[in-house]
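Copied over from TrEMBL, here are the features:
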- 1-79: region 'Disordered' (REGION)
- 1-12: compositional bias 'Low complexity' (COMPBIAS)
- 13-25: compositional bias 'Polar residues' (COMPBIAS)
- 149-171: compositional bias 'Basic and acidic residues' (COMPBIAS)
- 149-222: region 'Disordered' (REGION)
- 181-192: compositional bias 'Basic and acidic residues' (COMPBIAS)
- 202-222: compositional bias 'Basic and acidic residues' (COMPBIAS)
- 258-532: domain 'MYST-type HAT' (DOMAIN)
- 434: active site, proton donor/acceptor (ACT_SITE)
- 517-536: region 'Disordered' (REGION)
């Protein structure tokens, strides 16, 4: 072990002067010290400061300062007898050991398995007495707890045999040819997959349909004859391993039950939406599994009755704030997080149900929210939004962006992105979205940047082009422009110069899609009535 690693491990026990001396020595002589771990002074300090390991009796280890086990005048028999008596006393003294926690004491018995008709007893792996999730539920997998225990014993025998074989082959060379056992196993797997029965007779079809008809989605579909027995067994093993890992996380306190504090769906206007991610709603609401929301003020409630009473009294028909854009039935409202704090907090909690990387929930005062709505005779319905820092040091024009699931894949996401860049043009700034982007956000932005560049190149008539000029005209950051050109294979390096290739095939494809799409889902700059906030 080198001196630098030793100095870092024992650095917490030194004074500042000692630590500085150690670091200086490590930098100056990195290879001179072999196995030693510093000077003798440092070693003595380490021995004095470190807590010695305790013996089974709870005392420190034997040292020269401790009273000796045997006196100088004791004979060998008496000395041996004393040592044996001390060992027996240490073996019976268990007060030093921490109290062993039984398995069932680690569980919270208020949690229950979400499978209908399940009493939470047994586990898919057969190794636990209880379960609280669908992944570990024997009933959901069309099994009994006794069948899981029998299967678990058989699997344990197979795992021992497999680990023994792995130990035998552990020291084999990396480039060694497959052994005879491996070749036989490969032939066996190939034969098993070849013997797969693709067809189902009448009895098997009835057997497959009965659980789904009687229990609906509360049971796993029967998977026999869908694939080969070998692949099905691999899938079962993966299921069992995943459920075991989930139980370990739950016992360690890192995971909640799949029916516990997780909102599975929300009632939002005339839609019932399945959620994608966890959102930190108050626990009394999160444990319900379904929330009821007012689509205008975004207040969340516990039941349909409370929502109906609220809607009879709610006077809101559009988001708070100023309407800064309107064309046909599409409007955009600018909402200040400082003036309308509750609305913006509820909007962030709602967005977290569909965004993975969002971390802002309650600190909304430094942000402006631009909420896009679609109007009809009942009010302005939420389509999506994006938030933006009032004073962004890095000129981010979007902090968080979301299109509601019922409006996805209809062009509203690009409208929101285009609107954010329109605001940047009015501010005479170059903008870029805040990182990291979500998966869907990255796809939307790359598609938008591609369209912006192809449109610019389609109308460009000169022979020399500048990335800076494109950025100033489109308000897109030069870094985003270069990355988009590289992804489109339009940026080349030839004879010491960077060239932008005007690929006519990509431009023709974009033009055909633009003609087919029409102008229904586009932002009209003339419909914007907005001046930049002071200090932005």
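Backbone N, Cα and C define each Cβ position, glycine as well.
Any TrEMBL annotation is an automated prediction that lacks curation.
Mapped onto DSSP helix, strand and coil, the compositional bias 'Basic and acidic residues' (181-192) counts 12 helix, 0 strand, 0 coil. Here the domain 'MYST-type HAT' (258-532) returns a mean pLDDT of 91 for the predicted model. Around the Cβ of residue 434 (active site, proton donor/acceptor), the same chain contributes 396, 398, 399, 400, each under 8 angstroms and 6 or more positions distant in sequence. Residue counts for the region 'Disordered' (517-536) by DSSP state, with H, G and I taken as helix and E and B as strand, are 4 helix, 1 strand, 15 coil.
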